[in-house]
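Novice: Provided herewith is a single structure, encoded as structure tokens, for subsequent inquiry.
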């Protein structure tokens, strides 16, 4: 009995130890899983999946081949741009003797100036896709004209960065629309996000240069020379009866407010920040579960922003101009009706700042893929043309 008792006691002690080890092991496993989930929660949405737009584009072309006829320049664009530029010149003239610190100056700049300059930002976006003229050179030159009331030369630099954004959506180190890890770390709070929304125009202007630099071409030099000459002329060469320093300050303030806490500025965040609730399974890139990374908006602010709210449509077919994007939605509505969308750009800004589950890290990122526009090989460009021809695109549509 004694031996039996010892054996039983030993077995009991051993079993108790085993149970404790199993329990501790279970705690370690649970803790490890929790730590992994916490790490995923605090990181970007990394993915191994292909960006969705090329796949959907091919599916739409297969189902509705007539959509390719929507591609090509929109003649109306140049007239809208000239109208907005002229209106900004008029306001700059009328405010030439108004104090920069007066409420009238700031109110005019916020209501009219920021809306107009946001319109010109997006006109340059439209022109960067060669959608104002058939000639690429004509588009480059006209973008410089659209740049004038913005007061800072940027149209030439915007084009290669933006087209790379299309070719390399979400690719870390190539897509300069993505916030950097530095931004995500230091701006991960209500105050940080409010700061980002207030000064986001500077982040979008300076971030590309911190990631990679595009070659400086004759278009860049021309953009720089014309813009600086224009700004100098406003202040020093033209008579005060036309423009003064206040006129230039009006343009600069309008550009700043257009990329700040302004209703139309909501599109910067609305387009690609993830506002959907993402499950832990989808957060794990190994599961290869697609995360929605482009959101559309179909509200009234599209009237002054070249329909940039139709952003899934734009990324699917960058060669379709703003006036025909609603037609694309109408033709291929079964592809777009179920996609996530925003109801209000103002609410997008509000939610971004105050919702703890939405922030700088709510972006889909890829480690590989894409390429820098202008840096691709001849072979890659030939392959793209062959794919377009297989899809039934005509020569004009491929050029567009």
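Just so you know, glycine gets a Cβ as well, placed from its N, Cα and C.
Remember, TrEMBL labels are computer predictions, not curated facts.
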Novice: Quick check on the annotations: TrEMBL lists transmembrane segment for one of 250-270, 271-291, 292-312. Which range is it?
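Specialist: Checked against TrEMBL: transmembrane segment maps to 250-270.
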Novice: Which is it, of 137-156, 157-176, 317-336, that TrEMBL names as transmembrane segment?
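Specialist: The range carrying the transmembrane segment annotation in TrEMBL is 137-156.
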Novice: Transmembrane segment per TrEMBL: which of the ranges 29-49, 50-70, 218-238 is that?
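Specialist: Of the candidate stretches, TrEMBL labels 218-238 as transmembrane segment.
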Novice: Considering only Cβ pairs under 8 Å, which range in 107-125, 184-206, 218-238, 250-270 makes the most contacts with the transmembrane segment (137-156)?
Specialist: 218-238
Novice: In the predicted model, what is the mean pLDDT computed over the domain 'Sphingolipid delta4-desaturase N-terminal' (39-77)?
Specialist: 90
